[in-house]
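Worksheet: the structure to be examined is printed underneath.
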Amino acid sequence: MSETDHSSNEESPANNDRDGLSGEYDPEAVEPTWQQRWVDEETYAYQGDLDTQYSIDTPPPTVSGDLHMGHLYGLTLMDFVARFKRMYGDDVYFPFGYDDNGIASERLTERELGINHGDFTRREFQEKCRDVCQDYEAEFTDDVQSLAISIDWENTYKTISPQVQRTSQLSFLDLYDQGREYRQRAPTIWCPDCETAISQVEQEDLTKQTKFNDIDFELVEAGDGETTQETFTISTTRPELLPACVSVFVHPDDDANQHLVGGTARVPLFGQEVPILEDDRVDLETGSGLVMCCTFGDQTDIEWYQAHDLDLRIAIDESGTMTDLADEYEGLSTADARAAIIEDLDEAGYLLESRDHEHTVQVHERCDEEVEYLVTEQWYVEILDKKDEYLDAGREIDWHPEKMFTRYKHWIEGLEWDWCISRQRDSGIPFPVWYCQECDEAITADREALPVDPIEDEPPVDACPDCGHDEFAPDKDVFDTWATSSLTPLVNAGWDWDADVGELRMEQPELYPMNLRPQGHDIISFWLFHTVVKCYEHTGEAPFEDVIIHGMVLDENREAMSKSKGNFIAPSEVIDEYPIDATRYWTASASIGDDFPYRENALEAGERLLQKLWNASRLVDQLTEDVDRSILDEERPESELADIDRWFLARLDETIESLTERFDNYEFAKARDDLRTFFWSTFCDDYLEIAKQRLSGGGDESTEYTLLRAHNTFLKLWAPLLPHVTEELYQRLYDPEESLHRQAWPEPAGYDADLAAGETAMEVIGALRRYKTEEGLPLNERLEAVDIYGHVGGFSDAISDVMHVTRIETFDDEPEVTTEISDIDLDYSLVGPEFGSDVGAIDDAIESGEFEVSGDTLYLADGQFELDDEMFEIEKSRTYSGEGQMIETERAVVIVR
RNA sequence: GGGUUCGUGGUCUAGCCGGUUAUGACGCGGCCCUUACAAGGCCGAGGUCGGCGGUUCGAAACCGCCCGAACCCA
């Protein structure tokens, strides 16, 4: 029978059908079995309990990408929360979204099928996208399930689904009706390869090798009207923009060229006359100090265009092709035009020099194509007017870690553009808008009719309400993906238009605001900010209560993983090598917010912990072989517990309490370390060794109860971090019927014990172990007599049991030894404020022995200083000359005889 | 170039409002097979807390500058 064959566990739990735990834990067999069963049995189903719900706004991953370490990390963190909250008594709503909407999936489809979106109708192409995405989605589901993420698979959504399209279009209409959206012809950042507008945040830097060209411009008229100078030189990396040149700029501090300002110049080859103006945005460092402004070469050009009210000359179209403004170069690509123009400039004698130059260009992050700046008609969400409100909304959220709010704040404060939400792509959610062909009036869809695709569907009116014209043109654009992804809290809550009452409502209002938004710090400006904007505008409140912001996963050398660097580690490689529980154990060590290095040996440490848990469980099981597990149904009164057992249960109470707080504050690393230390040192090394001895001579009900209570509790405390091994043990040893992950989180039972005496006893045990080790004795060597000077309460039996001591005597007073004062420890937090700059002199006095203790007072340096007893502590050194050997610990003195 | 965050033994990390002897784990060295576990137990070595300067009786912690890294933005 295999270990994972659970059919043998069908008899009643009280019967303890335990075939004993086999020698080794076999995660390779155990983990997939449980993953499958949890899904099949819907262990994580949301029950719809309105009073105790806890909702998590999970990030929908782009399905076109493989699962990477960032997913593994982020999902696992969410899962710690979900599993803890579920056991702690909440009804957890843990959904999953697939982001298959937008440019990423569109480009994936084109690549996968070797097609171009332009060759199909929008609906046809979208069909193909769905087909391609479906396989990737299935793969993603498998991957996420293999990480044991406790998602409720009945609550999933796709961002391209009709329902989400409807939500997204409703959002558009609502903002439009509120007057928060506008359509404007304005300079836009444009990707010629994807042929779409993109937002500011979708572009990134790329350093490129290019030529810096010095070109002569003919001076038509100088600003001072006097100069006899005939030409001047400008430097440019983009001579193909000469036909789009609308002015030349001089820096106000540029004395050498000041006389040109106010004049006009003639652009070589193309002949247009342009004004020479002054502006401090000219970069004096590079080139000649004279710079041409074209519509548009970069963002500064746009600023100049707006600030100086310049002409508009469009020389490059949407596909990166030269327009008729470029005369004979019309129809050439920008690259070809650049080459041809340089050649012609050279021939005509305008080109003075062309030299190598490295500079930074803006590219589209998805395809690395250099962006252009075009004037196009786009939809914008107005955000600049409400910065303060979005900041306040951010302040209402509890940030973990708190410091991440700063990034949000700075992002908002630095905003300069409204949010451009239209994209000229096919795979996406269409704008539900038509335009009157006569007066351009925008006609929006009826809410009841959503989702609509204006290319395929008819507008809701027969005639333009403004001018009466009856022909309409569809809006062909689709939404920016963030315009949809920013609605996840509303998608989860089932936000929709209720036609009966004529308002927007939520199907599950109890989920909103979501209790938790988990995400990486790299998308604070995308996902988090946009979600706040959208949801705040729709509902008037922040969309989540807590946010946890995690860092990036780095490689073993603390460098960011990237495909180009080749230091990319795929989760599948890790999973093949290590148990999932071990990877989760590693994940739990991350300090939330900090970047998180991959560590092979952290995974090995996880593996060892699993083995330790398994072995300890096996011992507990053996020691309680004949004990009916139903004794756990009732709590055992203190009076029926031996001191040592009561001590351990009291310590367990403490741990439960602090651990609960750790989990509640998302402090997984601390929870993990605290629990590991308590389990490994206190339970395994200390208590279990004692219990072993106590039970060696036959049953002891108090100890048996304590062992089982503790072990059962440990499984629950470990469950959020190590779901597989704990479930396997729980089902085998306690309850084969019900999942551990639906059990109640442990509560302190309220046991009282002499914790100080327990602590001292453990110190004494440690001292005796050290004694045996140093004497070269086996740990089970019998010791005849041990005297303990110190308070060990009722624990001396435990000490004698575990250390095999025949006779123990305990004393509350000091042993008969010679003591002398070896040092004085000062409490500087008291001495410092009191004595200030004299502290140095006091230290010197102690150092040189110029002190005297009398009663409770310490006199220093011939009575120059007097310290009260709470300000100092006397360190003594003891010499023992009696029979046996003395061992000192912090709280006790032990003599082995 | 600007902003945010981080920088602690070989590696990863704890260390709230400043209190002098800096936590734990991994790795390393030594000893021990004690009837769950040698993937274990015990002991030990190893750090001028990135650098410089400042505030203070006292700084890993507070301030300034510099260096390095991650992310965001130009």
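Each Cβ is built from the backbone N, Cα and C atoms, and glycine gets one as well.
Per TrEMBL, the features are:
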{"type": "REGION", "residues": "A:1-34", "note": "region 'Disordered'"}
{"type": "DOMAIN", "residues": "A:34-595", "note": "domain 'Aminoacyl-tRNA synthetase class Ia'"}
{"type": "MOTIF", "residues": "A:61-71", "note": "motif ''HIGH' region'"}
{"type": "MOTIF", "residues": "A:560-564", "note": "motif ''KMSKS' region'"}
{"type": "BINDING", "residues": "A:LYS563", "note": "ATP binding site"}
{"type": "DOMAIN", "residues": "A:645-785", "note": "domain 'Methionyl/Valyl/Leucyl/Isoleucyl-tRNA synthetase anticodon-binding'"}
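Same-chain residues lying 6+ beyond the ends of the motif ''HIGH' region' (A:61-71) with a Cβ under 8 Å from its Cβ atoms: 98-100, 104-105, 107-108, 133, 136-137, 140, 143-144, 520, 552-553, 561, 568-572, 598. On the 0 to 100 pLDDT scale, the motif ''KMSKS' region' (A:560-564) averages 73 in the predicted structure. Secondary structure counts, DSSP: the motif ''HIGH' region' (A:61-71) has 3 helix, 1 strand, 7 coil. Residues of the domain 'Methionyl/Valyl/Leucyl/Isoleucyl-tRNA synthetase anticodon-binding' (A:645-785) grouped by DSSP class, helix first, strand second and coil last, total 101 helix, 3 strand, 37 coil.
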